[in-house]
Amino acid sequence: MNYLFKNGRYMNEEGKIVATDLLVQDGKIAKVAENITADNAEVIDVNGKLIAPGLVDVHVHLREPGGEHKETIETGTLAAAKGGFTTICAMPNTRPVPDCREHMEDLQNRIKEKAHVNVLPYGAITVRQVGSEMTDFETLKELGAFAFTDDGVGVQDASMMLAAMKRAAKLNMAVVAHCEENTLINKGCVHEGKFSEKHGLNGIPSVCESVHIARDILLAEAADCHYHVCHVSTKGSVRVIRDAKRAGIKVTAEVTPHHLVLCEDDIPSADPNFKMNPPLRGKEDHAALIEGLLDGTIDMIATDHAPHTAEEKAQGIERAPFGITGFETAFPLLYTNLVKKGIITLEQLIQFLTEKPADTFGLEAGRLKEGRTADITIIDLEQEEEIDPTTFLSKGKNTPFAGWKCQGWPVMTIVGGKIAWQKESALV
């Protein structure tokens, strides 16, 4: 099916929002201009809505194989499509871990069979993510590994991390890290700060993250490797990354929507839906994340979509697993709480969710350019809705944002020229 989207707006190559039509033919973007006419195309009047590149998320958890009670490739990618994401990068904390040919081939077959959006899997740095034996990077790259990470289990051994970075550099691949110094975690379930003190909970100190980033940055410099920092959360981490960039070290970083919108002061009670890793930090950390995003220290926004069951989250804040679901709330949360409040512009938000992650990792995504694959999201910037977890397509309903009123909701997502998801009656 060919589609002609009429009367939309998009961000042009100069970074300005302008009026446009957009023609999709044979799965590709055929033309982006005003007043397009075309035969043999279904005309869809978007009536002034935003025509955006499909959103790109480099940090997601799909849980399959091994955790299908939390999420599946089918449910997770359908939730991603509903959130406007057309390309997502799946972390390797599955069971089994994609750490060898057999496991990666199985994962890729599952993706091919079930995914509603483009899914790029990470390969594990170490076998079973336990940090003792490096995986075969060459084989994992051959089978389509997006980059290498041990995800939520930071590589604690410096010699192992250096060896991994050297091997990745030879393959022109990135090493991606969840940064925690295990000896400083302190069995914490929240940030070490006012909230932990008030509720008598063990806290995770900010330095637990920043000291690990500092170590890895120096290792990356020694290996001449692209090193990407997951979900930055502290003022100290922002400072370390900023200094490294100024020194010319190949480091990039991401921040989550929840760390941009919330801090520990916003946690109403010992609610496990506010438990994520890294935890919500203090006000100064929150301000530093915004500053880092605006000055280029932090390159992109990624959801860290981490679904869990209601039963798991009901165990209480100390025993419940870390993580919140993120696909279906990311854009409206960021648009409402950052763009509408004048903290960043709409153009910047689009870049942080599209071209910046795509460019950082060399993906042919993130831009509406003629000849490229038609991965597109239509967003109604005027639509206001209340976040209702019962309507999520993800199996995970674990969100701290239930009841929040937000503007800027995706209404249609196109992947490879085909409609992957659309809101009923939104485009008539």
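Placed from the backbone N, Cα and C atoms, the Cβ positions cover glycine too.
The model shown is predicted, which means the values in this text are computed figures rather than measured ones.
HIS231 is the only one of HIS226, HIS228, HIS231, HIS258 that Swiss-Prot places in the Zn(2+) 2 site (with ASP151, HIS178). Residues HIS59, HIS61, ASP151 are recorded by Swiss-Prot as Zn(2+) 1 binders, and the candidate that the same record lists for that site, out of ASP304, ASP359, ASP375, ASP380, is ASP304. Among the candidates ASN35, ASN40, ASN93, the one that Swiss-Prot lists alongside HIS61, LEU62, ARG63, ASN277, HIS308, PHE322, GLY323 as binding substrate is ASN93. Taking the mean position of the Cβ atoms of HIS59, HIS61, ASP151, ASP304 as the Zn(2+) 1 site, the remaining residues of that chain whose Cβ falls within 8 Å of it are VAL60, MET91, ASN93, GLY152, HIS178, CYS230, HIS231, ALA302, HIS305, ALA306.
Compute the center of the Cβ atoms of ASP151, HIS178, HIS231, which mark the site for Zn(2+) 2; besides them, the chain residues with Cβ within 8 Å of that center are HIS59, MET91, THR149, GLY152, GLY154, VAL176, ALA177, CYS179, CYS230, ASN277, ASP304. According to its DSSP assignment, PHE322 (substrate binding site) is coil. Long-range Cβ proximity for ASP304 (active site), meaning a same-chain Cβ under 8 A and a gap of 6 or more residues, is found for HIS59, VAL60, HIS61, CYS230, HIS231, THR256, HIS258, MET276, GLY323, ILE324, GLY326. Residues within less than 8 Å, Cβ to Cβ, of ASN277 (substrate binding site) and separated from it by at least 6 positions along the same chain comprise GLY152, HIS178, GLU180, ILE204, PHE322, GLY323. Secondary structure at ASN277 (substrate binding site), taken from DSSP and collapsed to helix, strand or coil, is coil.
The Cβ neighbour count for GLY323 (substrate binding site), using a 10 Å radius over every protein chain in view, is 23.
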